[in-house]
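See structure below.
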Amino acid sequence: MRNSYRFLASSLSVVVSLLLIPEDVCEKIIGGNEVTPHSRPYMVLLSLDRKTICAGALIAKDWVLTAAHCNLNKRSQVILGAHSITREEPTKQIMLVKKEFPYPCYDPATREGDLKLLQLMEKAKINKYVTILHLPKKGDDVKPGTMCQVAGWGRTHNSASWSDTLREVNITIIDRKVCNDRNHYNFNPVIGMNMVCAGSLRGGRDSCNGDSGSPLLCEGVFRGVTSFGLENKCGDPRGPGVYILLSKKHLNWIIMTIKGAV
């Protein structure tokens with residue numbers, strides 16, 4: 001599920017201050033196509049319960065990066081090597097989670113830091129169906145106009161259920177000034193420097209409910225994690241998808257968490 005919500009900023013001064021926070025301070029796919037089976041072997045399907053799914057990326061043999069708002073329970077499954085949700089596939093590796101590590105500065109109200117690491121009970125068997133998606137070497141921002149891709153098993157339109165098969169859509173990074181203007185999010189919520197907006201200004205190309213946690217790849221580099229959008233309005237040009245940027249501080253947290261885990 002890509003989270004969909006609205007939040008009211010108390011004043012313009014608060015909004016401006018949030019936009020200027022330095023980086024060192026603490027969905028089915030809409031408008032896309034089914035991918036060639038197992039052509040995105042880093043994709044992870046998270047079966048949270050019988051009614052809820054998320055996605056993620058395998059970033060080490062026993063580590064998955066997803067969104068913090070994806071709520072797991074003891075029966076939640078981490079499925080590697082999947083193309084279809086329902087079909088039995090010999091490529092699938094089904095695992096359980098040993099421990100969850102939500103980003104310590106995650107704020108559910110603003111969705112800042114909507115990231116979570118999942119340490120798996122066992123290591124994945126790496127093959128042509130299951131591979132690691134490497135983190136970017138630098139936590140650089142992504143320039144407006146950059147072409148990106150996002151994949152997932154989420155909704156294909158707002159009244160649909162999940163897609164049974166993995167789909168992907170091409171989307172474009174949109175300037176934060178545009179995403180925050182009165183014709184788009186209007187600072188509700190604030191799209192800050194540790195987030196990026198991506199979609200189409202004409203609408204119709206987006207991530208959606210069920211795609212939360214999916215990796216955002218821009219020019220082949222892992223740049224963000226699917227977070228939220230307008231409630232029940234996936235693909236609406238007024239609310240492009242919002243992704244948590246893999247900024248320097250987020251990358252440092254990921255690296256230190258993995259190194260420090262037992």
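Quick reminder: no glycine exception, Cβ is built from N, Cα and C everywhere.
The DSSP secondary structure for His69 (active site, charge relay system) is coil. For His69 (among others), the entry in Swiss-Prot reads active site, charge relay system.
In this view, Asp114 (active site, charge relay system) is surrounded by 28 other Cβ atoms within 10 Å of its Cβ, with every protein chain counted. Per Swiss-Prot, the feature active site, charge relay system maps to Asp114 (among others); the stated evidence is experimental evidence.
Residues or ranges marked as active site, charge relay system in Swiss-Prot: Ser212 (among others). Secondary structure from DSSP puts Ser212 (active site, charge relay system) in coil.
Using a 10 Å radius centred on the Cβ of Cys70 (disulfide bond) and all shown protein chains, the other Cβ atoms total 25. If you look up Swiss-Prot, you'll see Cys54-Cys70 (among others) marked as disulfide bond, on the strength of experimental evidence.
Long-range neighbours of Cys218 (disulfide bond) (same chain, six or more residues apart, CB within less than 8 Å of its CB): Val142, Thr146, Met147, Cys148, Gln149, Ile173, Gly224. Taken from Swiss-Prot, the feature disulfide bond covers Cys148-Cys218 (among others).
The local packing around Cys197 (disulfide bond), expressed as other Cβ atoms within 10 Å of its Cβ over all shown chains, amounts to 23. Per Swiss-Prot, disulfide bond is recorded for Cys179-Cys197 (among others), and the stated evidence type is experimental evidence.
Residues or ranges marked as disulfide bond in Swiss-Prot: Cys208-Cys234 (among others). Cys234 (disulfide bond) is surrounded by 32 other CB atoms, counting those within 10 A of its CB over all protein chains shown. DSSP assigns Cys234 (disulfide bond) to coil in the three-state reduction, outside any helix or strand.
According to Swiss-Prot, the domain 'Peptidase S1' annotation covers 29-259. A mean pLDDT of 91 is what the model gives for the domain 'Peptidase S1' (29-259).
Its own atom aside, the Cβ of Asn170 (N-linked glycosylation site) has 14 Cβ atoms within 10 angstroms in the protein chains shown. Annotation source Swiss-Prot lists N-linked glycosylation site at Asn170, citing experimental evidence.
What Swiss-Prot records for 1-26 is signal peptide.
The disulfide-bonded residues considered are Cys54, Cys148, Cys179; of these, Cys148 has the fewest other C-beta atoms within 10 angstroms of its C-beta. Cβ packing within 10 Å was compared across the active-site residues His69, Ser212, and the lowest neighbour count falls to His69.
Recorded residues Cys197 (disulfide bond) and Cys54 (disulfide bond) have their alpha carbons 19 Å apart, per Cα-Cα distance.
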